[in-house]
Amino acid sequence: MANSPNGGILKDLFARDLPRQAELQAEAETLNALTLTERHLCDLELILNGGFSPIEGFLTEKDYNGVVETNRLADGALLGMPINLDVDQETIDRLSIKPGARITLRDFRDDRNLAIFTVEDVYKPDKVKEANLVFGSDDDTHPGVKYLLSTAKEFYVGGKLEAVNRLEHYDFLDLRFTPSELRAHFNKLGWQKVVAFQTRNPMHRAHRELTVRAARSQQANVLIQPVVGLTKPGDIDHFTRVRVYKALLPRYPNGMAALALLPLAMRMGGPREALWHAIIRKNHGATHFIVGRDHAGPGKNKNGKDHYGPYDAQHLVQQYQEELGIKMVEFQEMIYLPDRDEYQPVNEIPEGTRTLNISGTELRHRLRTGKDIPAWFSYPEVVKVLREQNPLPAQKGFTVFMTGYQNSGKDQIARALQVTLMQGGGRPVSMLLGENVRHELSSELGFTRQDRDVNIGRIAFVASELTKAGAAVIAAPIAPFNAAREQARELIEKSGPFFLVHVATPLEYCEKTDRRGIYAAARKGEIKGFTGVDDPYESPVKPDLTVNLEKQDVRSIVHEIVLLLESRGLLDRL
Ligand SMILES: Nc1ncnc2c1ncn2[C@@H]1O[C@H](COP(=O)(O)OS(=O)(=O)O)[C@@H](OP(=O)(O)O)[C@H]1O
C-alpha cells in the first residue's frame, strides 16, 4: 500500500478537473494569458499532479508567511518551501492581475494553455527575509538565494489553479510518473514499504550500496527518484544522468528497485529542501525517505564554508517525520574499504582502517583525461555513459579562427591546414573562408562595421554549432575588429576549444603580392572602405598564435598550428 498523501487527500487537479476539461479549455482561450518560465513550469506540474499536496495553487500571502516563518501553511499543514508565482509590475498591469481575475497560464515552449489561475492576492514579499529564513542567509553564492534576489520578480500572486492540459514531455516518457501513476505502480507491484532516494548526480557503487542497505534495514523496496527539472547550475544534464540510472538499475536484485523521474525545480535549500523533498515523496506514495550527507546542499558560501552543516537536513526532517508520516532513513557518507571490498558508512568504520575515495573533482578529472575509473568506484556500464558525455579532446571539435588582411595568406594557410587535418582523419573538417561565407551566408551584407560584425557573428554561430557536433572548423575572414573576434571566441568556446591565429603579414606585403589587383582598385577608390586602405584593422590583443607569410612559408605555419592543436591533446590517436 502506498503511503497516504500529505494532508490526507492527493490534490490531483488533473483528475479533479477532467470532467470540466472541455469547458476549461474553451475558457482558457478567452482569458489574458501569462507565459510561464521553466522554473514556474516545474512548480506548476507538481502542483497540478498533486506532488505538492496539499496546495492547489500558488501561495497567498498568509500561506507564504506561514511557510517562510514556520514551514506551515495558514491551516497548519507542513510544506517546507514557499511555492510562488512571481511577476513584475508591467505584467500585472498588462494582464490586469488583481483579486478575482482569471488568468490562463501558458507553456513558453509550445504556447499550450496549461491551467486557469484565479487570483486571490498580489503582494510584495520581503525577499531578504525569505532568503534568511528559508535558505539560512542572504549570501548570493547560494543559487537559491541568487535566483530569489536577482531573477524572481518583485511581486507574488496567490491563488488556486484549475488544470487545463498536461505539460508535454518528449524525453523518457516511460520513466515519468505522476503521484497517482506511481501509487498505482506500487500497488501493481505489491510494494508495501517504499524507500525513496533523491538525487541530482550520477549514481555509482556507493549509492547502490546505500540504497540496498536502506531497503534491507526497512524491509522495503527502493524508489530511485532523481530530479530532472532544474538542479544546481553546472550539474550534469539530466539526459546523461537518466542514462546512468537506467544502466545502474539491473545491478539491483530483480524486482527490488524502480526508477521514476521527478520534474522538480530544486532550490538547493539544504534542511528546508529536505523536508520539502520528504513531503513530495510521501505524496508519491513512498513510506521512507533517505536523507544522506549534505542533502540538497549548494556547496560553499562566500567565506569558503559549506552553507549547511553535513547533517543539518537530517536534524530538521527528524523533527517533523512523525507528524508527517514518512520515515527518514538517515545515512552517513559511504566509504570504500579496499581490504574488504565493500562500502560502509563512515561512522561505522573502525579507526585505522584503510579506505579509498574518489572525489567529484577527481572523477571529473579522470573523465576529462581518460584516466582509469576503477571498478570499486563505479560500474563499467555507468562509466561508459559518462565517458560518452565527456569525450576526450581527440574526440571533440575545435575551431581555428584566422584573422588578417585580405591576401595575407590566411586562405592558403586555411586550405593547407584543411588538407593536413583531413590526412590525419578522426573528425570532419569544415571550412569557412571569408569569400565563401560572403557568398553563401552573408550575400546581402556590405562592409560597414556593423555589417562586418554581423558577418563575423554568423561565422561564429556556424563554427560553434559545427564544433559542438565534433568538427574541426577552420574560419578565415578578415575579421578586423577586436570586439567581434572576442564575441566569437566567447560563443565558440562554449562548444569546444577556440584558437585565434593572427596572420600578421604586413599590409605592404599583402598589397605587393596581390595578383588580383584588389588593393590597386581600392587605392583608386573603386572599392570603398577597404580594410587597410581606408578602413581600420585592429590587431588582436591576445592571439593564440601569430604568423607572418612574409617571413614564413605556408608549410611551417601549418606545422605551428598543428603543434598548438597537439599540445591540447586534440590530435591524439586513440
Ligand atoms: N570594403 C571591403 N573591405 C574588405 N574586403 C572587401 C571589401 N569589399 C570587398 N571585399 C572583399 O570581401 C572579402 C572579405 O570579406 P570578409 O568577410 O573576410 O570581411 S569581414 O571579415 O567581414 O570584415 C575579400 O574577398 P576575397 O579576397 O575574395 O577573400 C575582399 O576582397
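A Cβ is built for glycine as well, from the same backbone N, Cα and C atoms used for every other residue.
On a predicted model such as this, the values are computed, not experimentally measured, just so you know.
Annotated region 'N-terminal' per TrEMBL: 1-170, in sequence order.
The domain 'Sulphate adenylyltransferase catalytic' annotation in TrEMBL covers 175-388.
The feature sulfate binding site is assigned by TrEMBL to Gln198, Arg200, Ala296. Taking Cβ-Cβ distances under 8 Å and a sequence gap of 6 or more within the same chain, the neighbours of Arg200 (sulfate binding site) are Pro226, Val227, Thr231, Lys232, Asp235, Arg241, Met266.
What TrEMBL lists as ATP binding site is Gln198, Thr199, Arg200, Asn201, Gly292, Arg293, Asp294, His295, Met334. In the three-state DSSP assignment, the secondary structure recorded for Gly292 (ATP binding site) is coil. Neighbours of Gly292 (ATP binding site), defined as other CB atoms within 10 A of its CB across all chains, total 24.
Within 10 Å of the Cβ of Thr199 (active site) there are 19 other Cβ atoms, across all protein chains. According to TrEMBL, the active site annotation covers Thr199 (among others).
Sequence annotations record features per position, and here TrEMBL assigns active site to Arg200 (among others).
The annotation active site is assigned in TrEMBL to Asn201 (among others). Under the DSSP three-state reduction, Asn201 (active site) is assigned to coil, being neither helix nor strand.
Under 8 Å, Cβ to Cβ, and six or more positions away along its own chain, His204 (site 'Transition state stabilizer') finds Phe377, Ser378, Tyr379, Val382. The site 'Transition state stabilizer' feature in TrEMBL is assigned to His204 (among others).
Feature annotation from TrEMBL assigns site 'Transition state stabilizer' to His207 (among others). Cβ-based neighbour count (10 Å, all protein chains) for His207 (site 'Transition state stabilizer') stands at 21.
Taking Cβ-Cβ distances under 8 Å and a sequence separation of 6 or more, the neighbours of Phe331 (site 'Induces change in substrate recognition on ATP binding') in its chain are Leu210, Arg213, Ala214, Ile290, Val291, Gly292, Arg293, Pro345. Feature annotation from TrEMBL assigns site 'Induces change in substrate recognition on ATP binding' to Phe331.
Per TrEMBL, region 'Allosteric regulation domain' is recorded for 396-574.
Look at TrEMBL and you will find 396-548 tagged as domain 'APS kinase'.
TrEMBL lists Glu435, Asn436, Val437, Arg438, Arg516 with the feature 3'-phosphoadenylyl sulfate binding site. DSSP classifies Arg438 (3'-phosphoadenylyl sulfate binding site) as helix under the three-state reduction.
Relative to Thr199 (active site), the binding-site residues with Cα atoms inside 10 Å are Ala296, the candidates having been Asp294, Ala296, Glu435, Asn436, Arg516.
Here Ala296 (sulfate binding site) is positioned 53 angstrom away from Glu435 (3'-phosphoadenylyl sulfate binding site), judged by their C-alpha atoms. Taking a Cβ distance under 6 Å to any atom of ligand 1 as the criterion, the recorded positions Gln198, Phe331, Glu435, Arg438 reduce to Glu435, Arg438. Confidence in the domain 'APS kinase' (396-548), given as mean pLDDT, stands at 97.
A count of other CB atoms within 10 A of each Cβ picks out Gln198 as the most crowded of the recorded positions Gln198, Asn201, Asn436. Ranking the binding-site residues Ala296, Met334 by how many other Cβ atoms lie within 10 angstroms of each Cβ puts Met334 at the bottom. Proximity note: of the listed recorded positions (His207, Ala296, Asn436), His207 have a CA within 10 Å of the CA of Met334 (ATP binding site), given in sequence order. Neighbour density around each Cβ, counted as other Cβ atoms within 10 Å, peaks among the binding-site residues Asp294, Glu435 at Asp294.
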